[in-house]
Amino acid sequence: MAMKARLESVLNVGLRIPSIMLLEVLYRWDVSSFFQKIQRSSLNNNPVFQYKYIALYLHYVGYILSLVLLTLPRQHLVQLYLYVLTALLLFAGHQLSRDYVRGELDSGYEGPLYLEPLSMNRFTTALIGQVVVCTLCSCVMQTRQIWLFSAHLLPLVARLCLVPLETIVFINRFAMIFTGLEVLYFIASNLLVPYNLAKTAYRELVQVVEVYGLLALGMSLWNQLVLPVLFMCFWLVLFALQIYTYFSTRDQPPSRERLLFLFLTSIAECCSTPYSLLGLVFTVSFVALGVLTLCKFYLQGYRAFMNDNAMHRGMTEGITLLILAVQTGLIELQVIHRAFLLSIILFIVVASILQSMLEIADPIVLALGASRDKSLWKHFRAVSLCLFLLVFPAYMAYMICQFFRMDFWLLIIISSSILTSLQVLGTLLIYVLFMVEEFRKAPVENMDEVIYYVNGTYRLLEFLVAVCVVAYGVSETLFGEWTVMGSTIILVHSYYNVWLRAQLGWQSFLLRRDAVHKIQSMPTASTLQLQQHNDICSICFQDMKSAVITPCSHFFHAACLKKWLYVQETCPLCHGQLKSQLQPTSSPGTPTQGTPAANQNPREVEQEQRQPQVELNTEEGIRAEEMKTSAEQKLGMDLLPGSLNTQPKECDLVAEGSAGTASNLKGDDYYDDDDVSTSDVNCAS
């Protein structure tokens, strides 16, 4: 079943290539120049060529026929090709019969065949050929009525029966007329088939559009026709024919420089029409996809195909080629100018492929450096690919400077190559830092700061390169030749590579600066608070020997919280906005008014603030406290969840000017010690 599906896929593509070939030929065929040549030749008196408009209509009929062949379903397309093959076989049988009759007329021998060796050889050859033609026709048409295709055997039978040669000529004509009538009958019997197919196709298209819409219809046709593979195969066939035509007309093999020129000119010849240009676009897309797939396989092996990234499909390179070709009018240029411009466009495509390779390799290399993988082969593959991406773009920029005169387009290519090399250099430096930290026994302090400075350095260099490109483009526009395309490229380059990069870098700097200020403004937890908290950092899941306390009373490592604040301004646990909660404090360990104390639940503080404050150094305070305590004991109220768990204490409350008795209160203290003065409360533990 898999083999059958593959064969059907190959047939689906291969049988549609002639339709695009026909479109290519019709586009290249200049009808007006064709009729001018006919008028200057002897064919001008031919009545067929007197009706020029009929030929023009046939030209448009060819377009319709090619579109029908392109969109016809595979089953009907196979049947159509079988019918065409049968017609060609019948024509071959007619040619064999005509050649045999001419040979017999030239010899003039009318006697028995076995007496003349030459006549016997001609007869045997013609008989074998006609039998093969009849057999193939019956097999192709899947019928056992082989006599339908054996009309051209009549001249052979007549010659075997010693019929005169003049009569054999008429018999051959009768065989030709009989075969032609068969073909006409077959065409007439299937005359309504195209109409029925068009009617069915229209009804299905209307149903699909009503249910799913035009977009779904376009996607369905795209998948059924396999247009990218179809245009790629068409362009490869066209390119192979161009190379074959060149080498078939040359006796000596070309030199190395000539081969490069031949390669560029052949590509330029094969993109002179919109159809061949689309074929080149899809071919470049598939080549880019193959290169990126090999890059993934080289880095990760078969694991790369498990988590395939939809972003690296090679479509970016193909779309880049198409946009540049359309904007520069590539198909309207001469072959030499087209080859020169195409070389520059291909350099841009190669630079885009290198950038995509870097996007694939960068996270893999950094993850490999941060992990503890000891496989030398993995590290060798990652580092070797990075070294290639470091050296090759620089070499390509050097070659461009050597062979081309500098202009804005070439400066964009060179800047892209330099940026790729800079990014690879930054990736390698970070990888080296990770490996140094791995081999050291103690971790490197402020490693994130070092990595940030490395990234910031090459980002700054990228920004400077982009600014230089924009400055050169503006100067060339002001003092050189002004074009709409050049100005558009400058604006797009200025927005994406200058303004957005500057804005992103400035935002990153502000986030880091605000994070440092926030960490400095937060109180530091004391040793007692850390012991009472007795928890790990929720970011790194490690024990805390030192920590800072957020306004929402959560404990974190200062370094971990700073890294978190580099990205967002919320608490990692409660996701509250730290920016709005931060307020200036009087001292690092003292909570301000409205701010909960360290290691204290905000809900408890809020409930305490709602309750009236009670003075305990008066008789009313003691009575209120006793009433509150007795009420809590009767109702069985527990402490609020999240309050501090302290050891039970036995307190003697002594009030001045009263004869109150001592009450032994055993249990958890509801209030902190700060709420009761030491002169009024004596606690005996």
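Quick reminder: no glycine exception, Cβ is built from N, Cα and C everywhere.
Given the structure is predicted, the values throughout are model-derived calculations rather than measurements.
Pulled from Swiss-Prot, these are the features on record:
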| type | residues | note |
| --- | --- | --- |
| TRANSMEM | 53-73 | transmembrane segment |
| TRANSMEM | 77-97 | transmembrane segment |
| TRANSMEM | 123-143 | transmembrane segment |
| TRANSMEM | 174-194 | transmembrane segment |
| TRANSMEM | 225-245 | transmembrane segment |
| TRANSMEM | 275-295 | transmembrane segment |
| TRANSMEM | 316-336 | transmembrane segment |
| TRANSMEM | 340-360 | transmembrane segment |
| TRANSMEM | 384-404 | transmembrane segment |
| TRANSMEM | 410-430 | transmembrane segment |
| TRANSMEM | 460-480 | transmembrane segment |
| TRANSMEM | 482-502 | transmembrane segment |
| ZN_FING | 537-575 | zinc finger |
| REGION | 582-685 | region 'Disordered' |
| COMPBIAS | 583-602 | compositional bias 'Low complexity' |
| COMPBIAS | 620-631 | compositional bias 'Basic and acidic residues' |
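Here the transmembrane segment (340-360) lies next to the transmembrane segment (410-430) in space: the count of CB pairs under 8 Å, restricted to residues six or more apart, reaches at least 3.
Between the transmembrane segment (174-194) and the stretches 53-73, 77-97, 123-143, 384-404, it is 77-97 that has the most C-beta pairs under 8 angstroms. Across the zinc finger (537-575), the prediction's mean pLDDT works out to 83. Of the recorded ranges 53-73, 77-97, 123-143, 225-245, 316-336, the transmembrane segment (275-295) has the largest number of C-beta contacts under 8 angstroms with 225-245. Remote same-chain residues near the transmembrane segment (123-143) are listed as 82, 85-86, 89-90, 92-93, 96-97, 99-100, 113, 149-150, 152-153, 156, 159-160 (criterion: CB distance under 8 Å, separation of at least six residues from the stretch ends). When the zinc finger (537-575) is classified with DSSP, helix, strand and coil residues number 10 helix, 6 strand, 23 coil.
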